[in-house]
Every structure is written in structure tokens, then in C-alpha cells.
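What TrEMBL records for this protein:
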type	residues	note
DOMAIN	10-328	domain 'Acyltransferase 3'
TRANSMEM	12-28	transmembrane segment
TRANSMEM	34-57	transmembrane segment
TRANSMEM	78-96	transmembrane segment
TRANSMEM	128-147	transmembrane segment
TRANSMEM	159-179	transmembrane segment
TRANSMEM	185-203	transmembrane segment
TRANSMEM	210-228	transmembrane segment
TRANSMEM	240-258	transmembrane segment
TRANSMEM	279-296	transmembrane segment
TRANSMEM	308-330	transmembrane segment
């Protein structure tokens, strides 16, 4: 697609998002001193805001399109989301349960275990794949949510956002204060990660042309409140990195920053981020294996291992580059083969129905 026709700002944002998520996993869970702790405490909220941004980007395009052809939408997402998910999950399963296995099993046992792992989310060493289960659930609802969003006036959409944010705030903070909401809000449909999914579409539609300053202030306030919670009340951190309104404010601020200022169409950077954006899901899927089994070990062999911040940066960059190369190879070979096979099966079925 030509640069003038492509909204490059979303390629920049998606590239930065996958880089940030890799860095989240490169940050050590334990620190040796207060300076390291403070650095991690300040860095993680900013990085984790990009988890919500990933959902926002998906919702932005899907809810805007309307997805009129529902069977076609599901078929397309099966090829672009489900098949890569199964493929990369298979790589994790092969590496940990076959390549590193002490006792060999028959292929039937492995196939059953792999299928069970996919259904239950228990593929070994894949804590990051929770994201895929959420995104697949949201994609299942997307065609119907899109029609719902299109039927709303701007006023209705604002009211919808206000209600969902209030409910999510109640569900996040009141239980931590000892006020159990019980079943009162348990069955509220519009809460959790779905809020981010809707938020991307809503922010562009309602505030894409508005002043950025109020959202910048909200984002800074969200960050400051998060840091106050961590430093002053470390025992009170409900949903501090996921579904707290403060995180949503930070994610919204970053998202709208790129919406307003990110359409930089310098040919070389735009081409690079466009290429990376194309493989962003695959990079996300494979990065945890690359970080744990390759990048971290390579950095550990150098003098950089003694320095907290340089180690995080080097592990992140190395993981990012290796994951990009791996995604390019896997998507161009195994991934393409699986997609072509599924496409051929669908074509034959469709051709058979026409003959009937």
C-alpha cells in the first residue's frame, strides 16, 4: 500500500507496542536496591499501557468497518489469528514437551496433550498467550459490537463509555477497600478488556479531531496516581497494571498522541515500521520463547549482565530482532502453508456447493 494511502501512525504505534511488551518481560521481577525498584516501578506502568493499546488498535479497525459479511469475517480472522496462534503454540509445545522431554511419548498422546493445552491455556511456558484468548473472544463479538457502535449517536457512545468506566472502577477499587460488590456487578457484560477494545474506536470517533492537551493531562495524572500508589501505599494496588482507570488514562493519552502527531511519512522509517507491523502478532507470539531461551542467555555471557538498565535494553532489542527474523521465516513457510491449505479446503467446499 502506498504511504499516502496508509495510516502510518498505526504502524508506528503497533511497532512500539510490541517492543514495549517485550521489554515488560525483560524487566527482572526482583530488584537489588531502591534505585532499581524505582526505575522498574516507573517503567512498567508505561510499558503495560501498550497491552491495552493492542486491544484499542484491534477495536479501532474492526468496530469501524462494520464487518457486514459475518461468515467472511470469521473465516478471515481464523486464517490471520487462530492459525498463527495454533502454529506458534505448537512451537512452544514441541520445544518444551518434545525437544526437552526426558521420556518420549507417542504422537497420539502428544496430539491429545497439545489439543488440551490449547483449550485450557496450559501450553508450557506461555503466560503471555492469555492475550490471544481474550482477543479471540473479542473478535467473536466484533461483528455485533460493530453494528451496535454504528447505531449509537455520539452522545450515546459517550454515555456508554462513562457507565463502563464507572463500573470498572467500582469492580477494581471497592473490593480492595473491603466493600464486596457481590453479584451486583458480576454479570455486567461491558467490563474488563472489552473496554479497551471499544475505547480505541470511541476515542478516534469522538476525540480524534479534538485538542490533545486534556488527554495528555489525564495520562500524566494516571501515571502520577499509579506511582503514588506504589510508593505511598504499596499494599493497596488493585488492578494497578491492567484495568484500573489510571491505566486506561495512560493508554488513551498514548493512543491519541499518535492519532494527532504520529502520521510521519518519512519513506524509510514508514517502510520499516510497516514491515514490522505486518509481523507484530507473530513477534508477540514467539518473543517469550526467544527471550527465555536465546536472548537472555546471550546477554548473560557479556559484561552487560552486571548493569540493570543496559541489560534490560539489550535483552529487549535482541529479543525483538530475533523474534522479527523468526516471525518472517515461520510466517513465510509453515504459516503460509497452513493458510494456503485452509484456503484450498474452503475453495473446494465452496466449489462443491455450487455444483450441487
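Cβ coordinates are placed from backbone N, Cα and C, and glycine is handled just like the others.
Under the criterion of 3 or more C-beta pairs below 8 Å, with sequence separation of 6 or more, the transmembrane segment (34-57) and the transmembrane segment (78-96) do not qualify as touching, having fewer than 3 such pairs. Outside the transmembrane segment (78-96) by six or more residues, the chain places 110, 113-114, 117-118, 123-126, 129, 132, 135-136, 139, 281-282, 285-286, 289, 293, 330-331, 334-335, 338-339, 342-343 with a CB less than 8 A from a CB of the stretch. Same-chain residues lying 6 or more positions outside the transmembrane segment (210-228) and placing a CB less than 8 Å from one of its CB atoms are 41-42, 45-46, 240, 244-250, 252-254, 256-257, 260-261.
Proximity of distant same-chain residues to the transmembrane segment (159-179), defined by a Cβ-Cβ separation under 8 Å and at least 6 residues beyond the stretch ends, is recorded for 152, 185, 188, 190-192, 195, 198-199, 202, 236, 238-239, 243-245, 248. Averaged across the domain 'Acyltransferase 3' (10-328), the predicted model reaches a pLDDT of 91. Long-range Cβ contacts of the transmembrane segment (185-203) within its own chain (Cβ-Cβ under 8 Å, at least 6 residues beyond either end) map to 52-53, 55-60, 63-64, 134, 138, 141, 145, 149, 157, 160-161, 163-165, 167-168, 170-171, 243, 248, 251-252, 255-256, 259.
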